[in-house]
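Worksheet: the structure to be examined is printed underneath.
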Amino acid sequence: MDNKLIWLLPAIGLVVALQPSYIHPDEHFQTLEMLMIKFYGISGTVPWEFEPTNNARSYFPLYAFYGPLFYLMRDILKVQNPLNILRIIRFYNFMLYLSVLYYALPKLVNENKLQNKGRVNEALVFILSSYITWCYQCHSFSNSLETILLLLVLSNYTDILSNKAGLLQLVSTGFLISVGTFTRISFPAFLLLPSIQVFLKVLYRKWIQMVVIAVSMTLSTSIIVYFDTFMYESDEIIIAPLKNVVYNLNVDNLAKHGLHPRYTHLLVNIPLILGPGLLMIRNTKNDFLNLPLLSIISSLFFLSALRHQELRFLLPVVPLFSTLLTRFRYRPYLFRIWLVFNAAMCIIMGIFHQGGVIPMISNINAEQDLTIDIWWKTYSPPTWLYNNDILTVSTTSIVNNIENLDLVQFNVKTNHVVDLKGCDFDLVLEAIQNFRINGVKSLRLIVPNSMTSNVAALNQTYLVTKENSVFPHLDLDHLDSGIQNIIGLSEYKVSL
């Protein structure tokens with residue numbers, strides 16, 4: 001059964017990966033938005049992390065992972081359609097993850113002293129049947145890159161501990177640790193306890209290996225810092241992770257993104273990630289010092305200390321937990337429940353969730369008539385998908401906990417995207433009125449079907465015509481509007 005599933009599950013995963021679902025804004029704005037601005041010269045949304053005054057994100061991981069692919073798409077394949085670019089990126093992410101899994105997982109499973117192919121295959125089946133693999137890992141999250149880098153470092157650690165590591169692996173270990181840290185500041189949290197184990201076991205046996213890794217880390221970090229300083233065109237040295245750490249240590253900053261109880265990772269996110277898979281984990285008392293388990297403990301301990309805790313921050317734990325499973329044949333009923341759980345989550349997160357946003361932008365592009373697009377009660381529209389080099393992007397601002405329209409450029413009447421996020425309906429009315437005052441005759445309003453009653457109220461003042469509707473689109477943020485209304489995304493023409 002395992003061998004058949006190992007071939008079948010990647011095929012299913014690839015189909016899901018190519019769906020236009022939209023899980024979180026960061027999958028676009030922290031990666032693809034900046035890459036499209038740099039490589040294709042579009043006008044888009046620069047997230048706060050990449051603003052020159054903040055420089056809290058490193059460009060190096062983006063260019064290292066995606067740079068060659070973007071050169072290929074732009075200069076050789078001549079890919080211009082944003083939807084095709086998105087599909088290529090997701091295909092690339094999925095195949096890269098599979099390649100790293102097939103390389104690293106056997107080492108991590110065997111690190112648990114389980115020297116047989118059946119264990120490796122079952123660990124692969126567990127990962128490949130997880131909705132996290134299908135829905136999150138193929139999307140362009142920095143967390144997805146973090147997972148890949150972590151697997152590579154831990155696989156190198158197993159070789160170091162078993163005296164199989166050569167010079168190339170030692171040098172690459174230092175490089176990968178440096179890149180991982182500049183990819184996400186959470187990366188060291190996954191590595192701290194495993195690194196301590198490696199350090200203590202190797203220090204007196206082959207201390208020169210630690211020196212090689214340290215030198216490699218130092219040189220790699222210097223190169224990355226120089227690259228980021230160049231990209232930000234700064235006169236001062238830019239150390240992006242340091243800026244990010246300082247930002248995240250300020251609770252007031254975290255409050256802008258949402259504060260969570262410190263038990264959220266352990267009691268909410270882990271069950272959401274693993275579901276019934278938690279019941280498939282064997283007794284690990286004899287494996288306390290194995291690298292995957294140490295990495296899990298290390299990450300949960302340190303990441304739970306922070307007040308902002310999102311599910312995607314724990315993406316790397318899926319392949320780590322796969323090394324701690326009991327054999328499927330001992331609990332076949334649990335494995336079936338696991339498959340049902342992941343199929344359901346896949347449909348919700350991999351197909352339906354905010355699934356109308358990307359097709360809607362694609363439809364608007366096909367009309368080749370962009371005046372003013374107002375998005376309301378959806379995730380922020382990935383403006384890179386407009387593929388527009390003269391685009392103006394406006395959004396709301398918050399002053400003294402009051403949301404306002406001070407940053408919206410009402411004098412811009414064409415090629416203008418306005419993201420009103422989840423503001424009150426009164427602010428939507430104010431925005432439309434301000435555009436009317438500035439001489440705008442009509443505009444687009446894109447809203448989920450859960451806002452139908454508000455559209456009806458708007459129709460009492462303006463002529464509102466439904467132009468288009470996209471399905472599937474699941475709006476989980478407004479469940480109070482009724483199950484029948486949370487499906488679908490609609491485009492309206494508002495004549496002023």
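Cβ atoms here come from the backbone N, Cα and C positions, even for glycine.
The feature transmembrane segment, as given by Swiss-Prot for the ranges 132-152, 174-194, 426-446, sits at 174-194. Look at Asn156 (N-linked glycosylation site): DSSP puts it in a helix. The Cβ of Asn156 (N-linked glycosylation site) lies under 8 Å from the Cβ of Ala165, Gln169, Leu170, Ser172, Thr173, Leu176, each of which sits 6+ residues away along the same chain. Contacts between the transmembrane segment (174-194) and the transmembrane segment (337-357): absent, as fewer than 3 C-beta pairs lie under 8 angstroms at sequence separation of six or more. Here the transmembrane segment (5-25) has long-range neighbours at 83, 86-87, 90-91, 93-94, 98, 121, 124-125, 128-129, 133-136, 138-139, 141, 310, 312, 346, 349-355, 357-359, 379-380, 382, meaning same-chain residues at least 6 beyond its ends whose C-beta is under 8 angstroms from one of its own. Here the transmembrane segment (261-281) has Cβ contacts under 8 Å with residues 126, 130, 132, 300, 303-305, 307, 309-311, 313-315, 317-318, 321, 324-326, 328, 331, 334-335, 337-338, 341-342, 345 of the same chain, all six or more residues outside its ends. Counted within 10 Å of its Cβ, the other Cβ atoms near Asn459 (N-linked glycosylation site) come to 13, all protein chains included.
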